[in-house]
Amino acid sequence: MSTVPTPEQLMALPPEYLAQDNGAKLNNTGIAFIVLLSVVYALFIISQMFFVERTGWTMWTLYPLGYLFSLSLAIICIFYIKIGGGGRHIAYWLIHDPSVIGTFLKLETASEFLYMAGITFPKIAILVLYLRIFMDHRVRIATWVVLGIVIGHFVFTGIIATFTICQPFAFKWDKSIPGGHCANLMAAYKYISIPNIVTDLAILALPYSTLRQLHTDKIQKYGIFVTFMAGGLGIVTSIIRFVGFYTTDLMSDLTYLGIDTMVYTLIEPSAYFICSCLLGIRPLIVTLFKKSRLSTAISNRYASFGVSSSKRRYELSDFSNRRNGHFVSASASKRRSMRSDDDDAGFIRLQETIHVDSMSIHSTSKGGAVRA
């Protein structure tokens, strides 16, 4: 609150004003994302466990943490409404139960940390994936720089600033503590958003040059672009949230005006987590696609246009990687097969050669599985 209204001012407020409640939107958004996040993460786990030969360390670290923090934030959003007084005007609680305001501020403090952690771990997972699949030297350097900024931003803002912005820490929700003080919270919220937006745009732009040069058919290329562009929803909500700090005086009626901001605060990390999971879900989607009638329909569609079935294979140098004699590359089939049972048509093929002394073992894995 900017100023505390007097009892006379509170009693003079019309009943219609005190009865206003916009908390349903945050409550419903929280429930929706609990379901959505859980479904996406379950599909990711199934895809990685049953359709990928080897899983990376990120599957057991970054992804569970990203899910945990995003899910916790969604639960906190429901608590805002159920026990924190969210949705009602703060004047309503000053009249009926001022202690609810303290509960709201405690939940807000928890959500600040969960928000920063929720956007950080999916971003790290995406950037680690970039380092695995993009071999262009300049792209890799830029990726390392962005990764350092993301981690540094979380350490400084998500941990240090969150726990030191008010002295003592409990003064954040208990303004009765003598001698307590806080820095300018609204200024902190504004400045925190700027590095977030910058790193968001960088993560979106990093794969562009590599994907643009990818030698595969347009449908596959567009599909990969769409996968990476899914994080664009997080950028949009981040910008909307940032603008809201300038256009709305949240502190004047935090329990009421803060609801829209909390909706965007939940959507942003959830969008990043979902985006980070999409490439890991691809092996499952490819398998289901090839077993569905849709695969047959698309094959017949191309055949009806008389597309040649000659097969072209291109080595995708940008998706190749050599580590200690372990070479991984990708190639794509350009064939528009007229056979519905052709498993190779239209999918990226990963090839790996493992060199052991002077001998080499060559294996081919279909489906374009991207390991977490």
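Including glycine, each Cβ sits where the backbone N, Cα and C put it.
Database features, via TrEMBL:
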type	residues	note
TRANSMEM	31-52	transmembrane segment
DOMAIN	47-286	domain 'Rhodopsin'
TRANSMEM	64-83	transmembrane segment
TRANSMEM	113-133	transmembrane segment
TRANSMEM	145-171	transmembrane segment
TRANSMEM	191-210	transmembrane segment
TRANSMEM	222-243	transmembrane segment
TRANSMEM	263-285	transmembrane segment
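In this chain, the transmembrane segment (64-83) lies apart from the transmembrane segment (191-210): fewer than three C-beta pairs between them fall below 8 angstroms, excluding pairs fewer than 6 positions apart. If you look at the transmembrane segment (113-133), the same-chain residues 6 or more away from its ends with a CB under 8 A from one of its CBs are 56, 58, 62-63, 65-66, 69-70, 72-73, 76, 139-140, 143-144, 146-147, 150-151, 153-154, 157-159, 162, 192, 196, 199, 203, 206-207, 231, 234, 265, 268-270, 272-273, 275-276, 279, 318-319, 321, 370-372. A Cβ distance under 8 Å defines the sequence-distant neighbours of the transmembrane segment (191-210), meaning residues of its chain 6+ beyond its ends; these are 116, 119, 123, 126-127, 130, 134, 136, 139, 142-143, 146, 149-150, 153, 157, 161, 228-229, 231-232, 234-235, 238-239, 241-242, 245, 318.
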